């Protein structure tokens, strides 16, 4: 089945799956395990030093309060201070000036700040003469904008017709009646940039040597992720250093120059992630926690597994949930095992078509030459994997956009024998160069080698792609574990996770699993007696298992969901590899389902080696593979000597194996009793010849001459083949033709020629 969703949802489906194996998470203490759900005010908490008494607006400048600003910063308001940068020619030059000054490009997070920023720009005649650059950025060119300050971006005030779908845009406060309407500027440079620093951004410090929780990822780290990850671990400070996020209880020591912490984050270069052995430090309580779902967090770069706070609607109770969990067997394998993955291709013109570059959201992708009419890219793993999905993305080149609209899939367990997925059905690819499209396989496949065949006729400009293959190691997959977890459901009917209602009177998990399996879904969920199905279950995250505490109506020992919670099980099964072949034997079945049994039978003429037990002849598809197959059947031999036959020659075809034939042929002028001249003996499946003895061939003789001839005598009684007997009439008698002599020959078949005749 094909899943094509809005960019933010698709990002969660694919990239989030990739982080579990590549990123590593370390937690200390009990904070990380806390999953309590509490009501929050959904407002930032400033430090004790911050006061927010608002002074009256004066003609001399924007409204300010008692926020204390660092040197060079002004317009203090609600813990934030501001400054303008003028005269730079490039967005990144403005960004660097803000960062080096100890701040970031301004992002408006609330209505009050919008009004304040509007006053700041209006008051500055130089700034108000042109568009002003702000800190919104789209790192994936997907129209999922992120905030330069590391906050979750929810408050926006887009100008009419924005955000535009064009790429590589600057986001500015456009010079309109209301200065803080946000506009995606496409051509001219901004005249200035508004920088901001706040009590939430605590500055640059020496990287902490100790921490209470940690997560790292070389490609997906960003400041928003670190802030939200540490918030989920109930720790007050987040320190991000390059690809590491350290969550700490106390403010780090060793203050450093802002310039030392100006490294852009791996996932989002507009946010800054410290530097070598230094970290940007954030006071988490200052930042809003208002993401409505795990998917919304993922759309702005929170792509690592962990506990996070979400609030479905403004003002609603916030709750801590598990986001980005890897569903059973949905690990992104190229991300996770890049060092052991080999990428080969048909005729790529790009030498960078490697595991390090082909991954989703990677720097390039895999390009194919135009003359390559049947392009393919192959992912080779180091062992058998269960493959549950394939995700694609166009090449990372907004100036030369290329993608694959449709593709076919093939897979192999040994790299020699290939199987087309669903008989070569074309899977849905991409409709632009940046959005990720995940195809979840209704029936997971078992493979060590996977090939993607782009449909050349459907490629945009050229066939180029970035790729991920989801799955898990077959050797470590637990077939017995069907339960997935306690999945959170929204109260919004238009955004529900469980998309198909199968029954409102389902009593047992097994019944619900059967219903959703029959309906073609990968997951079955029970909330009381309500059975619903889905293919994607990670939108709002997972709750702790004790939140699914409703007793199943058909079994009080089992639990079936809770309030806005579904107990969810996977419906799909993993098959064993192809039934092993056993030499000279047939298998009773080709079924590869879990717990299937296959019994082998030796072909005619073959038998099991001595000592083979009856139980060894049957194998079972177990948790990790087939049980050991029996030994090859061996040819049965007739080991006893062949019988002999006098007056005959012997020829044997087939040696002494079952089916061998020994032919006895009588010598010339000899035959077996009964008249035949040949006899055969065969080697039977019992290992014995079909006859223990063969009678001797006997000489062929013509019938004896009659002893009662009338008026005639014979000169010989010889009866051997070729013998001649002369008849002589006596007593002046003659034969019917008047003659007195007659000769008869004994012919080869034992008969005299002519007829015996008396004389008269």
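Cβ coordinates are placed from backbone N, Cα and C, and glycine is handled just like the others.
Just so you know, TrEMBL annotations are computer predictions that nobody has curated.
According to TrEMBL, the protein carries these features:
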- 77-179: domain 'C-type lectin' (DOMAIN)
- 198-285: domain 'WSC' (DOMAIN)
- 329-472: domain 'F5/8 type C' (DOMAIN)
- 480-572: domain 'WSC' (DOMAIN)
- 574-635: domain 'Sushi' (DOMAIN)
- 636-699: domain 'Sushi' (DOMAIN)
Helix, strand, coil: count each for the residues of the domain 'WSC' (480-572), based on DSSP.
16 helix, 36 strand, 41 coil
Would you say the domain 'C-type lectin' (77-179) and the domain 'F5/8 type C' (329-472) are in contact under the rule of three or more C-beta pairs closer than 8 Å, pairs 6 or more apart in sequence?
yes
Determine how many residues of the domain 'WSC' (198-285) DSSP places in helix, in strand and in coil.
16 helix, 34 strand, 38 coil
Using DSSP, what is the helix/strand/coil residue split across the domain 'F5/8 type C' (329-472)?
18 helix, 68 strand, 58 coil
